[in-house]
Amino acid sequence: MTETAKRPLYVPHAGPSLLEMPLLNKGSAFSTQERIDFNLQGLLPHNIETIEEQTERAYSQYNLCNTDLDRHIFLRSIQDNNETLFFRLLEEHLEEMMPIIYTPTVGQACQEFSKIYRTHRGLFISYPDRERIDDILRSATKNNVKIVVVTDSERILGLGDQGIGGMGIPIGKLSLYTACGGISPAYTLPVVLDVGTNNPDLLNDPMYMGWRHERVSGAQYEEFVDLFIQAIKRRWPNVLLQFEDFAQTNAMPLLERYKDELCCFNDDIQGTAAVAVGTLLAACKAKGEKLSEQTVTFVGAGSAGCGIAEQIIAAMQLEGLDEAQARRRIFMVDRWGLLTDDMSNLLDFQHRLAQKRADLGAWGGQQGDDLALLEVIRNARPTVLIGVSGQRGLFSEEVIRELHSHCKQPLVMPLSNPTSRVEATPQEILNWTDGQALVATGSPFQPVQVGDKRIPIAQCNNAYIFPGIGLGVIAARANRVTEGMLMAAANALANCSPIVTRGEGAVLPALGDIREVSKRIAVAVAKQAQAEGKALHTSDEVLNDAIEANFWFPRYRAYRRTSF
């Protein structure tokens with residue numbers, strides 16, 4: 001516990017209003033003196049409880065819920081009533097509850113957002129209010145916001161356009177910043193940009209709470225986002241802004257436009273890439289191989305897949321390959337087949353990842369012929385197969401067996417969310433590779449039994465990366481998020497892998513260790529920020545102290561009353 005946490009907190013609120021403030025409410029844990037000082041007598045049951053007793057009651061209530069969506073709603077109700085208790089409950093049951101507060105359950109919560117809505121959290125900034133964004137940001141009661149997660153809800157997980165229902169993603173993401181990375185909830189703000197929706201189910205739903213209008217696009221959309229960004233810079237000039245679940249047509253252009261203007265990153269592109277590279281580095285370390293020796297095939301060539309590919313290329317270059325050599329080891333497959341330079345429908349960010357058709361002459365096929373996944377596996381002979389397609393079953397038995405036929409221990413990463421859209425299940429992959437494959441998934445899966453072996457499955461979850469990045473940026477007071485900082489995060493994650501440190505277990509650490517992993521990543525990110533001149537240089541001791549000082553624990557502080 002930090003020295004700050006030991007000191008009393010001076011609070012200007014009292015009575016029912018204090019009980020209605022999630023950041024300050026202690027519920028039945030207010031002491032006798034606090035109940036007197038803050039006019040709470042008679043507003044709470046007589047018995048004074050510890051946070052341990054409150055947590056035990058909350059967990060017993062949680063276990064009465066019948067479905068995962070019910071559990072999600074229950075946890076969110078606690079969060080909206082008492083944030084300290086909410087995060088204490090998560091701290092004690094993180095592995096069990098992470099799939100409830102975030103993927104996969106949060107996807108259903110987004111779909112049902114208007115039906116399960118209870119109370120306000122975060123900011124809803126709609127296109128008709130575009131001239132009042134500064135006023136909207138001023139209405140936020142948190143003056144010291146350090147991390148904002150923003151979405152326009154156009155590409156929520158693998159579920160597509162969810163309108164304002166996408167707010168569930170920033171709320172869930174920021175919950176993980178706190179639960180995994182120790183960022184105080186007082187420093188976080190979820191935001192949804194309501195630019196309409198093209199989802200007919202929402203437009204025709206009488207309960208839909210968002211702006212009932214088709215999505216704004218083009219110049220109008222870009223101007224609206226820019227109004228928001230400029231207002232954010234005026235309100236919180238040192239904030240870390242995370243873009244979340246923007247469609248690929250907007251995700252990369254927005255990142256490119258603003259990455260040098262304020263401290264921001266896109267978790268779908270850069271966070272996903274960092275955790276994927278960290279996983280790949282861990283697998284290479286465990287096998288005694290170099291990353292630069294691997295050949296990687298992707299299924300799914302959207303912004304997320306291409307972002308991972310670009311970071312793998314950068315990592316290969318750090319091991320001595322030149323850029324052209326590294327790019328020849330990356331094969332991107334989408335619904336049209338292998339991306340090649342003779343295709344006319346490539347997106348801007350796909351061009352650099354397209355293979356030269358002239359180099360594939362031995363593969364057969366004529367100019368313009370599509371090269372399907374199985375043909376790519378047979379000819380490219382990859383050692384790594386990564387799925388970011390959102391299409392269930394694309395990693396067929398034939399594909400996986402072909403992969404295994406030329407690589408004894410391939411790394412297979414079906415990363416699509418939610419579980420219903422995964423390219424293949426771990427059980428299938430391990431059955432088809434005689435238990436030899438290393439597997440990391442995007443959604444959580446239970447350990448797999450293969451013969452007499454019980455094999456743990458690593459969840460290649462961005463939660464291993466983004467909380468540590470946030471903590472490192474805040475502790476170092478970094479003014480940008482760079483590719484070097486993301487690579488430092490990936491390397492730090494790889495060094496925490498059980499198969500690297502112990503020679504056994506999953507490719508990634510257990511979620512129960514994620515808070516310590518986040519601290520290690522924060523140190524690496526902060527040091528890299530200093531090395532690149534994006535943060536003031538300090539000694540290791542000062543940096544470590546800053547990380548510990550910014551690491552929040554869900555514990556109640558004593559309150560003292562003060563006037564406004």
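A Cβ is built for glycine as well, from the same backbone N, Cα and C atoms used for every other residue.
Pulled from Swiss-Prot, these are the features on record:
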- Tyr102: active site, proton donor (ACT_SITE)
- Lys173: active site, proton acceptor (ACT_SITE)
- Glu244, Asp245, Asp268: divalent metal cation binding site (BINDING)
- Asp268: site 'Important for activity' (SITE)
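Other than the site residues Glu244, Asp245, Asp268, same-chain residues with C-beta atoms no more than 8 angstroms from the centre of those residues' C-beta atoms, the divalent metal cation site, are Thr151, Arg155, Ile156, Ile169, Phe243, Phe246, Ala251, Asn266, Asp267.
Taking Tyr102 (active site, proton donor) as the reference point, the recorded positions whose C-alpha atoms are within 10 Å of its C-alpha, out of Lys173, Asp245, Asp268, are Lys173. Counted within 10 Å of its Cβ, the other Cβ atoms near Glu244 (divalent metal cation binding site) come to 27, all protein chains included. All protein chains shown were included, and the count of other CB atoms within 10 Å of the CB of the residue listed as 'active site, proton acceptor' stands at 26. Between Asp268 (divalent metal cation binding site) and Lys173 (active site, proton acceptor), the C-alpha separation comes to 12 Å. A 10 Å cutoff on Cβ-Cβ distances gives Tyr102 (active site, proton donor) a total of 26 other Cβ atoms nearby, all chains included. For Asp245 (divalent metal cation binding site), the same-chain residues that are 6 or more apart in sequence and have a Cβ closer than 8 Å to its Cβ are Thr151, Asp152, Ser153, Glu154, Arg155, Ile156, Leu157, Gly166, Ile169, Asp268. In this structure the C-alpha atoms belonging to the residue listed as 'active site, proton acceptor' and Glu244 (divalent metal cation binding site) are separated by 9 Å.
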